[in-house]
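S.K.: Can you read through this structure? Questions will come right after.
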């Protein structure tokens, strides 16, 4: 009706004419969990932030687990932990197989590492992060058979030349060519472990530079995929759970990771073979996380190449997070300001701040 109460106007009639109807979207946008999920890693980082440099890995990790477990049950999803703190008998919370979320929303695989780099956190060193990944139910690789895998990761521009079965020297040269760099311009990120002595020797023989990290190869893999990070390639053996979480991030960024399972001993090798795993198979990014709707969130605990750590001010703190979604390709960097006195009024998590001080607005 028009404002005067008479019949339909010409414009109103036209709006109902099928020839004037806008083409509908192919599908309604599904619920974007990213902003809900980042609250979980923020909570983990803020809880662990109180333990930085105190020499207690278990204390810091436990605080992060408690905080994340409390927050994750407010997230609109029906999640199952596929990568968590271990088996139920050894992990009271966030154990493998635990159901998480508020019971509404999509069915999801949930992978979490409350602190990637517990040693880094306990010593106050750089690059400790709180991290999680979510994907469609049944799309994450089962990491239970073999604890370690050999990995190589690179960003989108060189994803098509990666070959974990080739010598590292060939991979370095191939990536350098695609990126229009000299081999001597390349930087390879490697975990500083005795098992990597030959790998380090081979990389040095090419003339490429090396960045050795003591822990935290999830952050290292992400750095290899981000432009202007100073890292061009990640290589070496690290944890299988961390490899799957890194693959979720890499799916969102369009990079590539390849991996092969690396049993520690004959017993683990037999376990993997009996479970039907092919130890010679090259696992691609899509093999590790096959879903089309993947979310990844990380919040810095200590300062690092990727994220700033938790910073405390009178009455509050700041957190720095990265949030990614594969379906949209969106990568968000979020700097959040938290007034701890306000949080403690309603939160079951004790973030313990000076409630009498002035809140630091941005």
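Placed from the backbone N, Cα and C atoms, the Cβ positions cover glycine too.
Feature table excerpt (Swiss-Prot):
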| type | residues | note |
| --- | --- | --- |
| COMPBIAS | 1-12 | compositional bias 'Polar residues' |
| REGION | 1-32 | region 'Disordered' |
| MOD_RES | 2 | N-acetylthreonine |
| COMPBIAS | 17-30 | compositional bias 'Basic and acidic residues' |
| BINDING | 61, 85 | Mn(2+) 1 binding site |
| BINDING | 113, 116, 242 | Mn(2+) 2 binding site |
| BINDING | 116, 117, 118, 148, 193, 194, 195, 215, 216, 217, 239 | substrate binding site |
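How buried are these features, and what lies next to them?
M.R.: According to DSSP, residue 85 (Mn(2+) 1 binding site) is assigned to coil rather than to any helix or strand. There are 22 other CB atoms within 10 A of the CB of residue 85 (Mn(2+) 1 binding site), with all protein chains counted.
When secondary structure is read from DSSP and collapsed to three states, residue 242 (Mn(2+) 2 binding site) falls in the helix class.
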S.K.: Out of the binding-site residues listed (61, 85, 116, 242), which are within 10 Å of residue 216 (substrate binding site), Cα to Cα?
M.R.: 116, 242
S.K.: Listed binding-site residues are 113, 195, 239, 242; which of them have CA atoms within 10 A of the CA of residue 61 (Mn(2+) 1 binding site)?
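M.R.: The binding-site residues passing the 10 Å Cα test are 113.
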S.K.: Expressed to the nearest Å, what is the distance separating residue 116 (Mn(2+) 2 binding site) and residue 239 (substrate binding site) at their Cα atoms?
M.R.: 11
S.K.: Around the C-beta of residue 195 (substrate binding site), how many further C-beta atoms are within 10 angstroms, looking at every protein chain?
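M.R.: Here the count is 11.
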S.K.: Of the binding-site residues 85, 193, 195, 239, which sits closest to residue 113 (Mn(2+) 2 binding site) by Cα distance?
M.R.: 85
S.K.: Return the single residue from the binding-site residues list (61, 113, 116, 242) that has the minimum number of other CB atoms within 10 Å.
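M.R.: Looking at the binding-site residues 61, 113, 116, 242, the Cβ with the fewest others within 10 Å is that of 61.
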S.K.: Between residue 242 (Mn(2+) 2 binding site) and residue 85 (Mn(2+) 1 binding site), what is the CA-CA distance rounded to a whole number of Å?
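M.R.: On Cα coordinates alone, these residues lie 12 Å apart.
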